[in-house]
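Just below is one structure, and these are the notes that go with it.
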């Protein structure tokens, strides 16, 4: 499937209609879903109706924006009015939001065509999209492997051309890690840049919505559309949104003007040799293109994982307390009384990983352990942010592999939660610090599985990430490779 800019040109030149483009996406979905299972819900009739409206505008001579008529997939933890939003959980089965999230409202206003809702690990808790109550999504490059998580459905949909672009959410790597595993581009924006109104909360101090796409430019265009201040979100940043496509040129700034720091702590045990090799070649190419490369130490980087697994479950245990079967979603039957109904509903409605994190969070927040765990984790979080601040005094961008490995086999880590958690080792510290980070393809391993490189910048420097990522992308052909489906 073509890029946003290519489809836009096809529409305004009347080479193709919005209905034809939407039908092509829906045909891809019908053909591939039995294998991939990227979508929980496909809104075919609604999508065709939206496409007809776009064609009517074009026929009437109205000027259309870049996203008008572009098929897009939305992760199923982002509320969509009139369309089920399950969060991949039994406890929200058949829940249809009565309101629209800010990001999807912006997309609808821009004329984008929503194809449906994509699969995810339940409430965003997972790194493989195996924790969904409804189905297991597979990797388009190898159907015996995971697509990553928790935005695995969105990443798989984009990689397989079921959708042009997609929205995901990222709490500890849930956009970037699946982007790496599926060979696409994914960006987690600065915390507060994109409104969280209508995003079902997991860990509110880290959750952030962002784009997934096949090219850097498409991610820049999509972020441009969804970013900006929203009074409905108390953590929304009231800052101007720059033109993210303005500096997208194939040439890097004059030699030495962009300084890239390689995070020393990311090259230890557990890093696959194929991932290290691909990343090293990518860094060498960036140096040839004019970047100044140096090694940077972030001493507390490795503390990110244990810190996250105290703070995120603590916030989740509070956020998920609202699901009790009273007003919406699943309700257990044959309860003896109200308290029994609460307990049965939550016991039957939540999956094992969600229960595990609720229990960890409740324990960390309990009276006897609050200071020892939660408060201490918040202090370490501050130290991690300080390490990043010191690093950005020396460099403009930090770089490391997105994940220590390529996509692992389905079921390989299901019985080993700690091994699963380690796949987000490189991405989690970024969320703790509220920084923006982008993953883009930088090669393949010996089995033909994609490898991702992560670029991290200081707050609100997404334009710099896009600029550097675009230069690298255009200097090679990784983004042109497609899975053979």
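In case you wondered, yes, glycine gets a Cβ from its N, Cα and C as well.
Note that this is a predicted model, so its numbers are computed, not measured.
Swiss-Prot lists 75, 150 with the feature active site, charge relay system. The active site, acyl-ester intermediate annotation in Swiss-Prot covers 174, and the record cites sequence analysis as its basis.
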Rounded Cα separation (Å) that holds between residue 150 (active site, charge relay system) and the residue listed as 'active site, acyl-ester intermediate':
5
Measuring Cα to Cα, tell me the gap between residue 75 (active site, charge relay system) and the residue listed as 'active site, acyl-ester intermediate' in whole angstrom.
11
According to DSSP, folded down to helix, strand and coil, what is residue 150 (active site, charge relay system)?
coil
C-beta crowding around residue 174 (active site, acyl-ester intermediate), within 10 angstroms:
36
Using DSSP and three states only, what is residue 75 (active site, charge relay system)?
strand
Taking every protein chain shown into account, which of the active-site residues 75, 150 has the largest tally of Cβ atoms within 10 Å of its Cβ?
150
